[in-house]
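S.K.: One structure, pasted below without further comment.
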Amino acid sequence: MSETAPLAPTIPAPAEKTPVKKKAKKAGATAGKRKASGPPVSELITKAVAASKERSGVSLAALKKALAAAGYDVEKNNSRIKLGLKSLVSKGTLVQTKGTGASGSFKLNKKAASGEGKPKAKKAGAAKPRKPAGAAKKPKKVAGAATPKKSIKKTPKKVKKPATAAGTKKVAKSAKKVKTPQPKKAAKSPAKAKAPKPKAAKPKSGKPKVTKAKKAAPKKK
């Protein structure tokens, strides 16, 4: 009998631990589902303020009614609503017209709403500078037109080399032609001057013929 008594309390001990873990898992899953469901409070507040047509602004009580009508639990999330209002006022999306803190009336900031519309206009304007991108392609054609300049530079180099070689050859030939004819003319002129001198000596040879005729006179005896 003493052996069977301690076995009874040991069996239900593991059965108590298992249901505690299951309950904790279920509670965590439900909390995750609550956080994921629905948009944030700031979006709901901005929509409610934008939907109201009151010039003086929307009071906190009117905001809670609008949020409750949208299916938001106002009683549980009262602190979140107040924090959302303060953050929207600090960002500049809402303007507080009456009261201080979360207790007051609120309106949408028209400057912030117009500022949200301006970036769209900038994006539309940013689409226009795409035309200058096409215009930037045109300078590439101009850069391609610069390549003929290289071919123009190469051609004068080819022209200059034969021109200098031909010029030097012509100058050398002309110099040789000028030097050679001058001594030839000087040599011919003295030869012509020497030739008439022996022709003038011929009359001297005719004088002895006259003396021979004088010797024939003694035949008169």
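Cβ from N, Cα, C; glycine included.
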S.K.: Labelled N6-(beta-hydroxybutyryl)lysine in Swiss-Prot - which residue from Lys86, Lys141 would that be?
M.R.: Lys86
S.K.: Name the residue among Lys53, Lys140 that Swiss-Prot annotates as N6-(beta-hydroxybutyryl)lysine.
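M.R.: Lys53, according to Swiss-Prot.
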S.K.: So one of Thr18, Thr147 should carry the feature phosphothreonine according to Swiss-Prot; which one?
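M.R.: Comparing Thr18, Thr147 with the record, Swiss-Prot tags Thr18 as phosphothreonine.
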S.K.: According to Swiss-Prot, one residue in Lys22, Lys76, Lys98 is annotated as N6-(beta-hydroxybutyryl)lysine; name it.
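M.R.: Of the listed residues, Swiss-Prot records N6-(beta-hydroxybutyryl)lysine for Lys76.
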S.K.: What residue among Lys64, Lys170 has an entry for N6-(beta-hydroxybutyryl)lysine in Swiss-Prot?
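M.R.: Among Lys64, Lys170, the one Swiss-Prot marks as N6-(beta-hydroxybutyryl)lysine is Lys170.
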S.K.: Please list, in sequence order, the residues in the chain of Ser105 (phosphoserine) that are at least six apart in sequence and whose C-beta is under 8 Å away from its C-beta.
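M.R.: Those within reach of Ser105 (phosphoserine), by Cβ under 8 Å and sequence separation of 6 or more, are Glu54, Ser56, Gly57, Val58, Ser59, Leu60, Gln96, Thr97, Lys98, Gly99.
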